[in-house]
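Peer 1: The following feature annotations were taken from TrEMBL:
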type	residues	note
TRANSMEM	B:21-42	transmembrane segment
TRANSMEM	B:62-81	transmembrane segment
TRANSMEM	B:102-130	transmembrane segment
TRANSMEM	B:142-166	transmembrane segment
TRANSMEM	B:178-198	transmembrane segment
TRANSMEM	B:248-269	transmembrane segment
Amino acid sequence: MDNSLIIKSVNKFRGKAQVLQDIDLTVAPGERLALLGHNGAGKSTLIKSILGLTPIHGGSISINGAAPGSAAARRDTAFLPEAVSFHPALTGREQLSLFANLSGASADVPALLERVGLADALDRRIGTYSKGMRQRLGLAQVLLGRPKVALLDEPTSGLDPISRQDLYAIIDELAEQGTAVLIASHALTEVEARTDRIAILRKGVKVADNTLAELSSEAALPTRLRITARAGEIEKLAQQVGGTRVNGASVELRCRADQKMNELRRIAALGDVVVDVSMTPPKLEDLYRHFAKENRP
Amino acid sequence: MTPRALAIAGSELRILRRNRWLFMATLIMVLFALALTFAGSAPTGSLGVDMLTVSVASMTTLSVYLAPLLALMMSFDAISGDRDRGSLSLLLSYPAGRGEILLGKFLSHLAALAFAMTVGFGTAGALAAWSGGAGVDSLLALGRLIATSILLGAVFLALGYGVSSISGSSTAAAGMSAALWLIFVVLYDLGLLGAVVMDEGGVFTQSIFPWLMVANPADAFRVWNIAASETIAVTSGMTGAASALPSWAAPLSLLIWPLIGLGLARVAFGRVEP
């Protein structure tokens with residue numbers, strides 16, 4: 001068994017509507033998979049199916065060899081729900097101790113809370129926590145008991161930029177200890193740098209599943225070159241290189257990834273007319289738009 | 001009894017203590033029990049019974065209303081509150097089973113209820129005994145009142161979990177709990193009373209009505225307390241219906257209802273998709 005999480009042709013209906021359609025997905029130990037999609041694309045439903053909280057109608061899910069919802073699967077899985085909150089009357093320490101008792105894992109609760117930056121709030125009631133602090137508390141319980149699979153639903157929602165950096169550092173740690181991490185997210189720019197592989201859901205169908213580099217070449221989205229001319233010579237430049245004028249002093253070219261070097265050589269040969277060239281490879285946002293849009297062949 | 005259920009029970013008990021619920025429930029019980037005991041102490045002389053007996057009779061009437069109310073107030077958001085906060089899905093992703101979660105919550109709520117009942121009725125009973133005398137019979141009646149009040153509370157705790165599971169939000173659960181209380185404690189009796197009046201002492205009144213009455217846990221509670229003690233029956237003036245039934249009917253009803261309630265709650269909770 002190589003993969004911690006194996007999802008095979010899973011279907012799910014809600015009434016007559018099909019909310020998940022033939023989903024295949026695997027996550028290997030130590031791999032960080034980003035699961036992207038619009039609201040209602042089926043991300044949360046898929047996570048709930050993996051947790052065994054909602055039944056699937058066809059296909060199979062295996063968590064380290066166990067069925068969703070089984071005692072073994074629940075022991076091996078950690079979960080961070082979207083925008084989670086806890087009982088306001090309990091303190092962070094009490095809440096995390098309860099989770100530790102439920103998971104059956106012996107845990108150093110103060111150390112865990114310190115790891116997520118809640119050392120000062122250990123014995124304060126959760127009712128006094130900010131949204132970001134509640135999210136950190138949620139993250140602390142993910143770290144309990146070395147899970148084989150971690151499912152994080154919108155983990156960065158409500159976090160400030162520095163907290164997000166901390167969050168991804170913790171996710172990296174999880175991956176290093178061999179946890180298969182699945183992150184459902186909207187925050188494309190962060191996911192881009194911090195995950196190994198990207199899967200995109202559209203209306204319950206998986207439309208992409210690969211590394212960022214592979215997805216880029218598969219989509220064949222153009223790289224954008226922006227060439228800035230010396231003052232007053234924009235007309236000349238535009239005639240020589242073509243492309244579209246974007247403002248008073250620049251033109252923009254689009255080219256395929258394998259044409260990029262040719263274009264650059266051509267521009268370099270123009271000499272003094274060119275004062276600056278900037279190059280923008282397709283971003284995850286462009287890829288996401290490409291794969292998630294309607295009517296794609 | 002599993003360690004996980006105990007962990008949940010401990011946490012819930014801490015919540016009840018911290019948000020002053022335990023204190024308020026106990027205070028309500030003490031105040032009402034004291035007020036009824038001393039307001040209702042007038043007939044002592046004319047009936048020739050000790051004051052504790054009168055006090056227990058008054059408190060029985062009180063408990064029919066208050067025990068279900070306090071129980072429902074504790075249990076109505078036991079499931080829906082967690083779901084509203086988004087922590088129910090997280091709780092269910094842990095190895096604790098749904099039965100264990102339910103059992104843990106039930107244990108803690110029952111303990112809190114038992115504490116409030118014992119302190120409330122106990123204080124009033126002690127004061128009544130001290131100021132107006134008590135006998136073995138009336139002390140037994142007080143013990144029975146406390147035990148049956150806890151049983152009655154257990155029924156409505158369990159029913160509250162069921163309501164909490166099937167309603168979409170805590171607000172809806174609160175409304176449904178109020179309706180449940182009204183039906184079991186007020187409307188059911190009114191309906192039976194109406195039927196008895198219409199029947200004019202016919203077959204219904206003779207043989208069906210007592211059984212229908214005792215099928216309701218709140219009435220079973222009343223019948224058990226009244227039938228078990230002759231002196232209390234005298235003071236409450238409600239012997240007719242109770243004497244038409246075998247003596248095991250009311251205790252059986254009140255003992256079975258918590259199990260029925262928990263079974264229903266478990267089924268309802270099992271269908272919850274957080």
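Numbers run from 1 along the shown chain.
Keep in mind that glycine also has a Cβ here, set from the backbone N, Cα and C atoms.
Predicted, not measured: the structure shown is a model, and the values here were computed from it.
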Peer 1: Do any residues, 6 or more residues outside the transmembrane segment (B:62-81), come within under 8 Å Cβ-to-Cβ of it, and if so which ones?
Peer 2: 16, 21, 25, 28-29, 32-33, 36, 88, 105, 109, 112-113, 116-117, 121, 145, 148-150, 152-161, 163-165, 167-170, 172-174, 176-178, 180-181, 184-185, 218, 221-222, 269, 272
Peer 1: How about the transmembrane segment (B:178-198) and the transmembrane segment (B:142-166): do they have 3 or more C-beta pairs under 8 A, pairs 6 or more apart in sequence?
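Peer 2: Yes, the transmembrane segment (B:178-198) and the transmembrane segment (B:142-166) are in contact.
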Peer 1: Other than its close neighbours in sequence, what residues sit by the transmembrane segment (B:102-130), given a CB gap under 8 Å and a spacing of at least six beyond its ends?
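Peer 2: Same-chain contacts beyond the flanks: 1-2, 4-13, 16, 21-22, 25-26, 28-30, 32-34, 36-38, 41, 50-52, 54-56, 59, 63, 67, 70-71, 74-75, 78, 96, 138-139, 142, 145-146, 149-150, 153-154, 157-158, 161, 262, 265-266, 269.
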Peer 1: Let me spell it out: take the transmembrane segment (B:248-269), skip the flanking residues so only those 6+ beyond its ends count, and list any with a Cβ under 8 Å from a Cβ in it.
Peer 2: 79, 98-99, 101-102, 106, 148, 151-152, 154-159, 161-162, 165-166, 210-211, 214-217, 220-221, 223-224, 227, 242
